[in-house]
Structure formats: structure tokens, C-alpha cells
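Taken straight from Swiss-Prot:
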{"type": "BINDING", "residues": "86, 107, 108, 115, 183, 223, 238, 290, 300, 301, 302", "note": "substrate binding site"}
{"type": "MOD_RES", "residues": "221", "note": "2,3-didehydroalanine (Cys)"}
């Protein structure tokens, strides 16, 4: 289960602290003696009761909305594969920039957020390098300057960043998160380049419940569903059970020759390489975040999150640059 959306009451730093704390201007509520919610309920529990419901009404309230979403987003404008720190950052920027676009976010896990609920080695704090602090300012996430290095800032708990970003993404009316849903394949169309009769473009994704995907090897055939979209943004992370999926699929469908393979950890070179090389790798498919390290052979970045955020910003920028052209191509050849 994902952690709930976090609130944060700014407190004065201890006298021994030399770190400067960034304090967002937004106010945060807390349960105090003057809280409206306590005024509403405190001391009245003997007379408390919930309104009466019927179980089928609960079922219908859930299923009706979900199937309406499936119908609405069967034709999407943009699909984002992977709701980690990079994918959610992409969704946030796109949601703000283009509220007219239908954006589907597909996440294999029950809990979106990827590895961004904690820092390195299951520690709480999240470390990032400037100028990624500007993204935190835009989100309204508080952070501290790091006394040991003026180029670094620290969020007191990674979950504070992820819950804030996730809550903002989910508040956009044009974005739908389908979690516990796996992308099993890519929808393709022929797109021959000059002198090349075998080129392809990506035209959407093939989906299934994650629990179904995990059992294809021990159950009979369970066919998938589909979402058409002129542009797919893949941010599935480095190689793993579901990681680097689109990158690996491009190799198996002969769209690219081979993967570069992620190199050993080097934060300084890895972060800049990931941000600067976030791009459309084939028509209709943008790849960002650590998935790029598998395609290009960049270094691993480890427990630092600046590039994840700004690669998401860059992926959104690339999407805005190419979207209208990809949309026209899909309209021309359905």
C-alpha cells in the first residue's frame, strides 16, 4: 500500500544545525485543539454513525468509474510507462503544460513511486543536486541545504517528495493512473525511412493485469488489452523484472541492434548523461530516466535523484516538441 499523501509542519531548526531549510509558502493543516475536524467529532463518538449503504452500491461505484476510464483512455494522447520519480515528474510537467491532452500512466506495481519512497539502502533522506531544487520549489516540497556541499540539497524523507508529486499528478483531471497494470508489449506501425523498408513507429501499448503477466508461464493463454496513443514515454528504470522493458523490447523486435548495458556507479557522469540524452529513440517512443542507461551504456547513478526529476522534465519537453507531428502521423495511417 502506498503511503498516504504527506503533510509537513515547518519547525525551527535545532540550534546545532547549520543547514538552511527551504520553506514553501503554502500552509499545511495539522490536528490541533483548533482543528475544524476535531471540532466536528471530538466528544461526540457515542452518537456517531456512518450513513447506510448497500454493498452492491460500493461495487458499482468502483467498477463504473474504472470502466469509464478504460473506455476514455483506450485512445490516449500520451502513455507514460512507469510511475517512478521520472515518470511522475514527466506526468506533472505535461499535466500543467497541456491540460487538453489525455495522459495515461501505467504502473506495474500496486504502489506507484518506484524506488523513490526511500533514499539509498532503505534510508529516509532523499539527496539531489542543484539545479533540481527548482523542481522542488515548483512542487512546494521543503528541503535543506547540505552543509558539506553547497551543490546538494536534502529532503528529510523521500516519501515527502513522492507523496507530494503523486498527489499533484493525480489531481490533474486529464491524467489517469492505471496501477497494478503491466505493459506487455508495444503497438507498432510500419514507418519506413528513406531507403529503409523495415522502420517502425510506436502507436500505443499492450496491457494486462500485473498478476496475470506474472503467471503467463504457469497458466493457459490470457490475452491482453490495448491503449492506442501516438506517443509513448517509457521510464521503467534499469534492468529488472519489469525494468527497461521498452528498451529490451526494441531489441527483440529489431528496432535497435543491441543494448549498451548499464555501467558501474558514477554519480557525476551518470546524472548529466541521463538528462542530456533523454530523447525520442524511435518514432513515437521517448525514453527517460535509468532506462536510458541500458540503451546507451551510461553509468549507474545510485542513491541520488536529481536526474530522475530533470530527465522527467526533459522527457515532457521532448514530448511537447514532437506530439503534434506524431498525432498527424497516427491520424494519416490508422
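Note: Cβ is positioned from N, Cα and C throughout, glycine not excepted.
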Rounded to a whole angstrom, what is the C-alpha distance between the residue listed as '2,3-didehydroalanine (Cys)' and residue 238 (substrate binding site)?
28
Neighbour count (Cβ, 10 Å) for residue 302 (substrate binding site):
15
For the recorded positions 86, 108, 183, 221, which one has the sparsest Cβ surroundings, going by other Cβ atoms within 10 Å?
221
